[in-house]
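Novice: Structure provided below as structure tokens; questions to follow.
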Amino acid sequence: MYLAIIVLPIMGSIVSGFFGRVVGVSGAQLITCTSVLITTCLAIAAFLEVGLNNVPVSIELFRWVDSESLAVSWAFNFDSLTVTMLIPVLIVSSLVHIYSVGYMSHDPHNQRFFSYLSLFAATLVTAGVYLLMRSSPLIEYSPTVLILCLWIGSITTVFSSLIGLFQQDIKKVIAYSTMSQLGMMVIAVGLSSYNIALFHLVNHALFDFRKYGGLIAFLPLSYTVMLVASLSLVAFPFMTGFYSKDFILESAYGGHHLSSIAVYFIATIGALFTTLYSVKVLYLTFLTSANGPLINYKGAHEGDIAMSLPLIILGFASIFFGYITKDLFIGMGTGFFTDNSLFIHPMHEIMLETEFAVPTLFKLLPLFLTLTASALSLVYSEVLPKSLVNFKLTRFGYNIFGFFNQRFLIEAFYNRYITRFILRLGGQTTKVLDKGSVEALGPYGLERGLLKLSRSLSSLDTGVITTYALYILMGLIFYILIPYITLIDISILLSLIVALLSIIDKTASLDIPSPNLSVKSHLYMQSSFLRPGKGPKGDGMLSALLAWGARIRSLATF
């Protein structure tokens, strides 16, 4: 059963991708959706067996490393953390598959799309938070990492929510909303509240929303689901997001140290911005008057059952899932994580402080800010709609809006000071190494070296018989002496080589007789090389050989 959770989506992807022409569009949709739905049912069964009964399952496939006392196995471990992550991943993936049947009905490449979709996890962005929770035994013994997670999560929450507030595209608002909620999860990790982070992760996967468009008169179902999702996102009381998001904020205040209390106020401000952009999307998409041409609304209609069913399921999950699973994940005395899949140091336990030591004022502060921000934004949009437009048209308003809309100019900073520097560094490196030293030592240098070697070898071809006799003599000397030269007497060999090379250079530098000389002059010059004190170059070659022989003997004696 546990291996089928991994194998079934892969098999569905292979069949849809490689045999899509055989099974057709309907076959590819049926196979991939069925495989993911069966996998979801198996994951729920694994959740009941492993999670509720606290019975971890390990399936060993083969030995990876086996060296005396070190034995590392390639295995799949299913503990409470693993099966809990399987629930949102597979449920959301199943709903995305069903939704895509209607959404991609007019696409000509359905088989390829569903093949890719079977390998894609809709909650892939939460993989980093999952790894942090999996690394809890390491993180718990590093206060520096905990503080770092705490501050990075809080800054991410505020920055992402503030950027999402100034975006005009629903998809971008949703993207930055997801980043903001990931920041909330990292805050929980920094507070050593891994179970709360996991609870918020599961809840956030079930109150997500997508691009709907249109007005309430055209899309009543989409408006209803959007309203429920927005209420859950802003942690409205008794919605799914309320049970996890407010608990993270209360845990931050319950930490009772300076960093956690500061993070509480920062995260509360982030929650305020989350409320503002949620109301903005809901109001501008459904409640305000039509702002587009009539042709954009003529084709607006609700989707078929394949597209509506996932929205209805997510809508109900946004209402009831948090209430049903609260005691299981974060209830006092829950034994869900007793299999040590999540480790919390005893010094970092703050569940009691979160439940009983946080003042009521700070428990209600996020709710008060949420309701106040929602009411003010709606009233401001209805009563004073032109004032915001007029402020935006001013120079100051234009700069403010552009600064936040362009994501704090972070991308401009990256492009100007980091990306450009890396591109220049890469260009100079390529110029110096690839186009410079590599070619100088490689193909270009090899070509030059071979040409120089060939010219040097051709200079040894003097056409003089005595020169060739010298080469033969050199070979004979090497043949006789090399077997008797040991490593201790290597200096003798080096001296001999230097001497012979000098003789060769001297021979090559001698004037070669011109073709215009007479035969008699030519013969005279050849014979003069062997007579000491004669010929055009003084002592001749024999004197040079005798001199270098004496030098070699002196070196050998030394």
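Placement of Cβ uses the backbone N, Cα and C atoms for every residue, glycine included.
Please treat TrEMBL annotations as automatic predictions, because they have not gone through curation.
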Novice: According to TrEMBL, which of these ranges is transmembrane segment: 6-23, 348-365?
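Specialist: Residues 6-23 are the ones TrEMBL records as transmembrane segment.
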Novice: Can the transmembrane segment (261-285) be said to touch the transmembrane segment (113-133) if we require at least 3 CB pairs below 8 Å and skip pairs under 6 apart in sequence?
Specialist: no
Novice: Determine which residues of the chain contact the transmembrane segment (6-23) at the Cβ level, with the cut-off under 8 Å and only residues 6 or more beyond its ends counted.
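Specialist: Residues 31-32, 34-36, 38-39, 42, 76, 110-112, 114-116, 118-119 contact the transmembrane segment (6-23) from elsewhere in the chain.
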Novice: What same-chain residues lie close to the transmembrane segment (173-194): Cβ under 8 Å, and 6 or more beyond its ends?
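Specialist: Contacts of the transmembrane segment (173-194) (Cβ under 8 Å, skipping residues fewer than 6 from its ends): 125-126, 128-129, 132-133, 136, 139-140, 146-158, 160-161, 163-164, 167, 200-201, 204, 208-211, 233, 245, 247-248, 251-252, 255, 260, 263, 267, 270, 273-274, 277-278, 280-281, 342, 344-345, 348-351, 354.
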Novice: Same chain, outside the transmembrane segment (30-48) by at least 6, Cβ under 8 Å from its Cβ: which residues?
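Specialist: Cβ under 8 Å, 6 or more out: 1-2, 4-5, 8-9, 11-13, 15-16, 23, 57, 78, 83-84, 86-87, 90-91, 93-94, 97-98, 101, 114-115, 117-118.
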